[in-house]
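Okay, so here's the structure we're looking at.
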Amino acid sequence: MDHASSASEHDDRLTPAPTMRQDYLTLTKPGIIGGNTISVLGGFFLAARGEVDPLLLLATLVGLALVIAAGCAFNNVIDRDIDALMTRTRNRPLVQGRLTPAATLRFATLLGVAGFALLALFTNALTVGLAAFGFAIYVGAYSLCMKRRSAYGTLVGSLSGAVPPVVGYCAVTGVFDTGALTLLVIFCLWQMPHSYAIAIFRLKDYRAASIPVLPVVKGIHTAKHYILGYILAFVAASLALSVAGYAGPGYFAVALGMGGYWLYLALQGYRADDEERWARRVFGFSIVTITALSLMMSLDASLPPAAPLWAAALN
């Protein structure tokens, strides 16, 4: 064993218990888990239509939360070198040496095994497969391969971020149908402007770590074009959920209103004097938008299956 490596790794048992617990919690990125939980609920209730199996719901939520936590912990190990270069991440437990990579890998593996076991026991094979797909994309394709090599890493990573609502939906239906595909497209498209906005107001961090996100590679002005285009596509996809009859007019109205205002914010970027402030507004409203849509999917669960809006227009 290399002496420098052995000297840099300390015994985790020497870390005070409260700090260690907090550090392990930090590894799981609770904010990401919380946001994904809301989207899982949206997909689950959209499919359940008011006929909710409490045990299935609990197993889906907890199981997927554990899988996501595992992915985030693995990501901490993979990214520890570039995390040290960025202001936002330089205080993470592995960067500061409060936890070792070996301990984090054990923790991540335990979380992953528990999460997949729970999904396997209480859901269905499709749900487990979707969770495994999202995990593999995030840890393997994105974190290990694409993030440091290509501006398209964001696009690849968006697939993993779009999986949770589809997991919730398919846990109920057991089928990957048009509704599941529409959810996947909606959440993929949402991820892109959301991520590009982060890359703009964290531009210095990404440059310092040599991460080739679009604003670094192509510039902020080009990123604004992409943000606008992806929001337009997102609005169309989100409305399609009602047009196809999977959600009702209430969801349609909220999706149109939220999407329209998000589009307005994107257009303001072309006249923005403070681009960082503008990007933070686009980012902040992206969270409001996807939360509102997920909640409206859940509210539509208590309604009978909606007739497609195109059919209603013909009557």
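Positions of Cβ are set from backbone N, Cα and C atoms, glycine also.
TrEMBL entries are annotated by machine, without manual review.
What TrEMBL says about this protein:
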TRANSMEM  30-48  transmembrane segment
TRANSMEM  54-78  transmembrane segment
TRANSMEM  99-122  transmembrane segment
TRANSMEM  128-145  transmembrane segment
TRANSMEM  152-174  transmembrane segment
TRANSMEM  180-201  transmembrane segment
TRANSMEM  227-245  transmembrane segment
TRANSMEM  251-270  transmembrane segment
TRANSMEM  282-299  transmembrane segment
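Taking pairs at least six residues apart, the transmembrane segment (128-145) and the transmembrane segment (251-270) share fewer than three Cβ pairs below 8 Å and do not count as touching. Per-stretch counts of Cβ pairs under 8 Å to the transmembrane segment (180-201) identify 152-174 as the leading one among 30-48, 99-122, 152-174, 251-270, 282-299.
Looking at which of 30-48, 99-122, 227-245, 251-270, 282-299 has the most CB pairs under 8 Å to the transmembrane segment (152-174), the answer is the stretch 30-48.
Between the transmembrane segment (30-48) and the transmembrane segment (227-245), fewer than three CB pairs separated by 6 or more residues in sequence fall under 8 Å, so the two stretches do not touch. Stretch with the most C-beta contacts under 8 angstroms to the transmembrane segment (227-245), considering only 99-122, 251-270, 282-299: 251-270. Here the transmembrane segment (99-122) has Cβ contacts under 8 Å with residues 9-10, 12, 15, 20, 23-24, 27-28, 55-56, 59-60, 62-71, 73-74, 76-77, 80, 93, 128, 131-132, 135 of the same chain, all six or more residues outside its ends.
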